[in-house]
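Taken straight from Swiss-Prot:
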type: CARBOHYD; residues: ASN150; note: N-linked glycosylation site
type: CARBOHYD; residues: ASN189; note: N-linked glycosylation site
type: SIGNAL; residues: 1-17; note: signal peptide
type: TOPO_DOM; residues: 18-267; note: topological domain 'Lumenal'
type: TRANSMEM; residues: 268-288; note: transmembrane segment
Amino acid sequence: MFSWSILFIVCFSLVSAFKDTSPIFLFSTNSKLPKSSDDSSISTCPMMFFDAAIEALSTCNTATLIIHQPGLEVNDFQLGAFKHLKRVSLQSPYSLLLPYSKESLDSQELVHSAKQNCDVEVVYLGGSFNAFPPLQNDRITVVYMNELSNESYHRSAQLMELDEMFYNLQSTLEQDAQWNVIIASSPLNNSDFEGFKVDANEEEANAEFVIQTLGGLNSGKSALQHGQLASLPDQNEGSQTTLAMHQTRKHPVTDNGATGLFTEYQFFTPGLYMGYLALAVLVPTLFISCRLLSSIQISYHAFDSPRRKQL
C-alpha cells in the first residue's frame, strides 16, 4: 500500500509538470538592451521579462506591436507555421523568451509606462479586423487575436494566419525604423484574460481611427488577398500609405487531431504515452524476475559430478 502511494505521488507530479503554460516573446532593435546570446535569450523569471519589456518600450521614436494570442503553446513553434516570425527572431539584435509563464502579460501596464516616457499613440484592434493601420514611430499597436482551436487542422491554419498578419504589419515599417514586438499568450478559457478583450465601444472608436488613418477611404472596397500589401493614397498628406490587410480564412473544422491528454498537456505526446505504458509493464516484470532469481536456492554440491559407486 505504501509503494502504491509513492507511485501515485510521482505520477501526479509528472502530470502537473507537463501541464501547459503560455509563452511570451520579445523582439527588439533597441540599442539600450544587451545583445542576445544563447544563454540570455531564455528567461524563467516573469519579472525579468516584464522589466525588459518596460525598458524596450521606454525608448521614444519606436514602433511597438503587441499581439495577444490565447491558447498559444510552445510546441506550436515546431509545426513550421511561423517562418516569418522565426526569421525576425533570428535577425533581431535582442530577443527574449519566457517559455513557461502562468501569468498573463499586462499590456495595459506596459502601455501606461510607455505613455509616461514618450508621447505615444495607442491603437487597440481585434482579430476580426480586415485592415490594420501601418506601424510607425511613437505608435503602439495592440492586437487581440481569436482563440486557437484544439483541432489540429484548424489550429495550423490559424497559426499561419497569425504569421502572415505579423509579416504584413512588419512590412509596413520603414527600413531603418526601430521597433519592438511582443507576442503574449494565455491559456484557453482563462478568466484573467477577459480583461484584455476590447469592448464594443472601444472597438467602434478604433474602427473610426482606422478609417481616419486610411484617409477616409473605405477599406472594404480595396480588400486584398491574404498575404498581400496595399499602397493606398492618403488624402490628408497626398502621399502613399502602406496598409496591412488581414482576412480571416474560412476552413472546415475537422477533428483529426490529438485529443484528451495530448491537447491538455503539451509534453504528453503519444510517443511518451506509449513509453510510459511500456515502462509500466517492463519495470514490474523486471522487478519480479529479479526477486524470483534471487529466491532460487542451489545446494553447494549440486554441480559436483556424481561419485562412482564402488563395487
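One-based numbering along the chain as shown.
Cβ atoms here come from the backbone N, Cα and C positions, even for glycine.
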What average pLDDT is reported by the model for the topological domain 'Lumenal' (18-267)?
68
Mind giving me a neighbour count for ASN150 (N-linked glycosylation site)? Other Cβ atoms within 10 Å of its Cβ, every protein chain shown.
16
